[in-house]
Amino acid sequence: MAESLYEIRFRENAEKKILCHMQLSSAQVEQLRQAIEELYYFEFVVDDLPIRGFVGYMEESGFLPHSHKIGLWTHLDFHLEFHGDRIIFANVSVRDVKPHSLDGLRPDEFLGLTHTYSVRWSETSVERRSDRRRGDDGGFFPRTLEIHWLSIINSMVLVFLLVGFVAVILMRVLRNDLARYNLDEETASGSSGDDFDQGDNGWKIIHTDVFRFPPYRGLLCAVLGVGAQFLALGTGIIVMALLGMFNVHRHGAINSAAILLYALTCCISGYVSSHFYRQIGGERWVWNIILTTSLFSVPFFLTWSVVNSVHWANGSTQALPATTILLLLTVWLLVGFPLTVIGGIFGKNNASPFDAPCRTKNIAREIPPQPWYKSTLIHMTVGGFLPFSAISVELYYIFATVWGREQYTLYGILFFVFAILLSVGACISIALTYFQLSGEDYRWWWRSVLSVGSTGLFIFLYSVFYYARRSNMSGVVQTVEFFGYSLLTGYVFFLMLGTISFFSSLKFIRYIYVNLKMD
């Protein structure tokens with residue numbers, strides 16, 4: 001601690017008093033820029049009352065192009081409240097001050113600065129400092145982020161136990177089922193071979209219906225296509241971060257990379273959607289392409305329009321200008337949409353027949369009444385909660401980075417947690433699909449997507465909890481932006497995990513029915 005140059009006398013106001021003049025070289029300015037990017041702050045002590053503020057100001061705006069502005073606070077407003085001869089409250093503010101820009105300085109140029117300050121005293125009826133809690137540590141510092149290695153290890157152990165449990169149980173049960181069904185088939189083939197469904201039960205009895213194509217197959221294929229696109233997009237962003245391609249101080253760089261990667265990976269969504277749509281007998285492939293390209297872009301545009309309109313109405317700097325909007329729209333029209341169409345054409349032309357291991361009868365089998373614990377709601381609850389529990393710890397740190405002042409650099413752990421999330425989703429999907437088929441319910445197509453895709457709903461519910469209990473956000477602008485983009489985040493996770501869940505279940509069902517002896 002050292003005595004500062006600021007002169008503050010009891011109950012004496014001051015207005016724009018000059019503190020000092022400075023001449024900074026380009027190297028000193030660069031040091032200041034780095035300090036501001038790393039959120040350096042100052043601390044004064046006035047009559048044993050700590051007051052804190054940031055050294056400078058950093059603003060990131062826009063996606064394409066992305067702007068990164070840094071400014072230094074050269075004027076401070078001190079506000080002090082007193083009662084009798086005691087100071088009750090002290091605060092420093094830059095609310096009505098414009099920062100001095102540190103951008104655009106040439107290497108051989110010096111920067112001249114004049115630091116000033118103002119002091120305002122006001123009397124208060126509060127007699128004790130303990131009754132005046134504004135401006136305490138909780139108002140400046142974010143909540144302490146504890147070291148989360150122990151929580152990560154705990155999640156890993158839980159996940160490995162879960163995956164091992166599911167794998168062992170299913171393999172044992174499947175082995176017994178296959179042995180029993182094949183033995184029954186060999187025993188019954190000598191006596192009554194015309195109707196081997198009689199006296200049978202479980203998943204074997206529905207072999208003539210399990211590959212019956214679902215309703216709304218175009219929508220299902222669009223979900224799978226966009227989900228595959230976001231799987232590639234998410235993996236690409238994390239890998240780029242692992243390779244050190246993003247500056248930790250420039251969150252907007254990740255946004256710009258995500259937009260460009262989204263446009264470039266549109267070919268994946270078109271290919272996967274059109275390929276599977278043609279496999280399951282779809283004929284309206286043009287409508288399927290339009291549905292695929294609109295499945296995320298339309299909800300995103302509607303959400304973003306509401307958020308941006310609120311920003312505009314409130315004069316927020318986060319509102320995108322019209323030029324940026326036109327640029328984003330151009331990128332989607334000239335890159336994203338054409339690549340979706342091209343991918344769809346390749347997927348349609350390369351599609352082979354579905355080649356189901358079992359023939360499907362023309363008349364669907366009647367599904368017996370199902371117990372309550374095999375309902376869609378219970379499957380969604382179990383299938384969504386378990387993957388969410390695997391990422392809940394890391395989710396807090398990501399929220400604190402995106403919506404707070406924290407800096408996230410543990411991309412290796414993030415990649416590992418992402419892999420755990422996909423693994424848990426696949427295993428849970430296989431287990432739930434097996435239990436559903438054992439109850440002679442062959443409507444697994446959409447159920448597999450909804451069961452693990454419901455993790456997105458749990459993520460949105462967590463965002464509500466974070467907003468209410470972990471953040472200090474308030475007002476229309478912050479509320480609309482937070483919940484708008486949280487909805488989109490939950491929707492993206494629904495698409496990704498629904499896709500992983502579906503293809504895991506499809507692979508599993510093909511495996512068990514291929515290994516089943518049938519006439």
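Glycine residues also receive a Cβ, built from the backbone N, Cα and C atoms like all the rest.
Quick look at what TrEMBL annotates:
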- 149-171: transmembrane segment (TRANSMEM)
- 219-246: transmembrane segment (TRANSMEM)
- 252-273: transmembrane segment (TRANSMEM)
- 285-307: transmembrane segment (TRANSMEM)
- 319-346: transmembrane segment (TRANSMEM)
- 377-399: transmembrane segment (TRANSMEM)
- 411-432: transmembrane segment (TRANSMEM)
- 444-468: transmembrane segment (TRANSMEM)
- 488-509: transmembrane segment (TRANSMEM)
So which of 219-246, 285-307, 377-399, 444-468 is most in touch with the transmembrane segment (252-273), counting Cβ pairs under 8 Å?
219-246
Given pairs 6 or more apart, does the transmembrane segment (377-399) have at least three Cβ pairs under 8 Å with the transmembrane segment (319-346)?
no
Excluding the flanking five residues on each side, which residues at least 6 beyond the ends of the transmembrane segment (488-509) place their CB within less than 8 Å of a CB in that stretch?
210-211, 220, 223-224, 226-228, 230-231, 234, 295-296, 299-300, 303, 383, 387, 421-422, 425-430, 433-434, 437, 444-445, 448-457, 459-460, 463
Long-range neighbours of the transmembrane segment (285-307), counting only residues six or more past its ends (CB under 8 A):
218-219, 221-223, 225-226, 230, 266, 269-270, 273-274, 277-278, 332, 336-337, 340-341, 344, 348, 480-481, 484-485, 487-488, 491-492, 495
